[in-house]
């Protein structure tokens with residue numbers, strides 16, 4: 001999944017509103033990952049004008065690794081002389097010389113090298129070392145030689161080194177947890193996160209994706225601990241090293257692979273495993289208590305079937321003998337697809353039926369599927385450089401829904417993806433092209449054009465598949481252009497036009513496009529509820545006479561959300577669509593009911609349609625009982641709450657939503673027999689959460705009494721939480737918001753005692769719901785203490801607090817005051833800092849807030865913002881756009897909510 005990949009469960013579900021299918025998913029991820037790509041490029045390849053080779057941020061093409069032989073020894077106790085946790089290591093890398101050179105550049109970061117030597121593998125004498133040093137800005141170990149390495153020859157570079165086993169969540173790092181209660185015992189785990197550029201923190205290496213090699217790993221570790229790596233353990237023997245008795249575990253050599261996929265762990269974890277004799281050994285590792293409680297059982301149950309699904313889907317056997325999956329107490333991302341040893345946040349792997357919700361369960365199945373999809377797409381075949389990361393993640397995200405659906409078919413996960421595949425590639429054609437691509441390039445590196453070529457080959461060999469252009473021509477218009485189009489259809493004339501969709505219409509597009517921001521757009525559409533012949537829009541403007549309507553006829557484009565574009569209509573067709581929603585909304589497919597809402601609100605933000613038109617799309621919700629339209633409306637109205645929850649618009653807006661959600665709240669009260677059972681349908685379970693959450697936040701009669709009653713019952717018997725797991729986060733938040741210090745302190749105690757991470761996450765979020773300022777300030781200060789809030793969770797907690805209107809200014813002041821500490825001690829280079837900046841500034845919409853933000857930027861310009869640099873720029877632009885939007889729309893919105901809340 002990668003270091004920066006952390007799509008929320010809600011986004012994963014609602015994401016289908018703006019595009020489904022193979023192509024749409026690729027396009028969607030290309031848009032999402034364009035930002036992440038920029039951050040990664042900034043981290044590993046900043047703009048510079050180097051005068052020497054070691055000032056470049058990319059490796060030269062003179063050397064290529066063949067294999068590594070690595071021994072690492074992490075110390076899980078503090079070193080008495082330094083006061084630090086450390087590791088020591090030895091590495092011997094064999095490399096091939098491609099061009100004569102008297103220079104070796106190999107990545108190394110935050111390592112203290114104690115020994116360095118070079119030998120020839122061909123029997124000749126190796127050049128002697130003239131000078132060596134660590135070039136800190138570019139993270140290179142620079143070795144100047146007295147004579148040339150010879151092209152075609154192999155050499156071996158041997159190093160010994162010491163590094164810190166820090167708690168910075170990157171490279172070879174330390175995670176901690178406690179076990180037992182009388183007294184609790186602190187345990188330390190040595191683990192890894194290499195993507196994108198942190199393998200160099202563990203040992204000197206050629207740390208780029210295209211520099212694949214075979215890795216021979218050995219780990220030294222204390223007796224009573226277990227060591228894991230990418231390969232299966234070959235042998236564990238007790239040895240004495242430097243006077244200490246330790247265990248030495250060696251592992252099978254890896255396949256040819258990239259450094260960012262390396263993983264190794266030393267811990268006291270327990271595990272469960274698949275049945276003896278299975279072709280692939282599957283093991284689930286976690287804290288011993290979690291394993292004993294059965295929290296790994298669901299992951300073990302589903303991993304085998306998903307792995308088998310991908311073997312069949314890719315027409316390619318899983319290339320390793322085992323698949324270890326390990327849940328870590330401290331982990332910066334959602335999960336990481338290390339080959340043979342996948343690392344997870346505990347919330348993404350561990351499931352407890354007694355306290356985990358259906359959303360938790362779906363998240364686990366989807367994340368496991370995503371990571372296993374990478375075993376082929378990403379690991380077996382890898383991008384040459386990080387600028388194609390979007391493709392790596394995009395395809396893994398697409399097929400992860402297929403894998404999850406194979407494991408849990410009754411959920412209909414990603415149903416829209418399964419219903420509506422690419423307009424120009426059927427699922428079998430896509431799978432066939434992907435299979436030939438993987439088999440052609442296995443154990444090597446590619447660029448995105450290689451995949452288009454194989455998909456084209458599959459299309460060409462399929463009779464009856466008629467494309468309007470080549471796969472390359474169609475896809476390049478989507479991936480090489482910024483963003484996506486809005487397609488406008490005039491049903492009076494049948495005319496169609498497309499233009500570049502810009503959420504902020506005042507933004508300047510300074511990136512030229514060879515395609516002039518025109519796309520080849522597949523349009524599926526219906527008229528009066530009946531599907532029509534699909535149409536390809538291949539030019540900026542066109543006319544398709546069948547799209548003309550007469551009288552009360554209505555038409556709807558992008559049915560089942562088959563393409564990645566917004567749709568706008570002439571005002572008469574908008575009116576007819578809204579009339580249809582008001583009279584018989586079920587005549588429009590449920591996903592398109594959500595799409596109408598989503599398109600209208602986004603078109604209004606872009607000043608293409610009026611904000612009042614967007615609000616009118618929510619009127620039918622009084623009769624809507626399905627999850628997707630409600631979730632989409634709630635998400636879009638969330639922007640209105642951010643802009644107006646500190647103004648006089650808030651009252652009428654609350655009253656309107658109260659009116660709209662009351663029938664939904666009563667519906668669920670009825671079908672759950674007065675809240676005594678849970679709905680049967682998967683999406684109904686989600687929508688029950690929406691009903692309670694929106695009802696309680698808007699003051700629907702009986703809602704607050706319901707949630708506070710459940711919470712008080714739990715407070716009376718803490719050991720017996722009868723609140724259903726699906727409802728816990730909503731109930732906790734509502735009750736804590738309605739309560740005071742007693743409720744907050746109880747929830748904090750339950751958070752500290754939670755033995756399953758998903759329950760702790762629900763409480764961590766809900767603690768930010770209090771309306772008591774001093775409690776929020778105390779909670780913010782807890783974020784600076786890793787003993788209270790783990791470093792991996794600190795930025796999330798701050799963002800949760802900022803999402804509370806009472807906590808917004810408190811969180812902003814806190815971040816400004818503690819920025820240096822947060823940035824330097826909590827990993828300012830990690831992608832979570834972009835989320836932090838985004839989260840604490842989303843509500844900014846005034847001149848005062850704009851000036852404060854600019855001052856914050858100026859005050860920290862010298863240090864910089866690391867991975868949050870782009871987010872800071874976006875926050876400035878978003879604040880200006882918010883100010884303009886509020887000024888233009890506030891009066892009309894106030895009147896509309898007032899008129900429609902009666």
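Cβ coordinates come from backbone N, Cα and C, glycine included.
Taken from TrEMBL, the feature transmembrane segment covers 12-33.
Averaged over the domain 'Aminopeptidase N-like N-terminal' (65-261), the predicted model has a pLDDT of 96. The domain 'Aminopeptidase N-like N-terminal' annotation in TrEMBL covers 65-261.
What TrEMBL records for 298-413 (among others) is domain 'Peptidase M1 membrane alanine aminopeptidase'.
What TrEMBL records for 370, 374, 393 is Zn(2+) binding site.
Its Cβ taken as reference, residue 371 (active site, proton acceptor) is surrounded by 31 other Cβ atoms within 10 Å in the chains shown. Annotation comment: TrEMBL describes 371 as active site, proton acceptor.
The feature domain 'Peptidase M1 membrane alanine aminopeptidase' is assigned by TrEMBL to 414-478 (among others).
Residues or ranges marked as domain 'ERAP1-like C-terminal' by TrEMBL: 554-880.
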DSSP helix, strand and coil counts for the domain 'Peptidase M1 membrane alanine aminopeptidase' (414-478)?
41 helix, 3 strand, 21 coil
Run through the domain 'Peptidase M1 membrane alanine aminopeptidase' (298-413) and tell me, per DSSP, how many residues are helix, strand and coil.
62 helix, 18 strand, 36 coil
Take the Cβ of residue 393 (Zn(2+) binding site) and count every other Cβ within 10 Å, whichever protein chain it belongs to.
29
Integer Cα-Cα distance in angstrom, residue 371 (active site, proton acceptor) to residue 393 (Zn(2+) binding site):
10
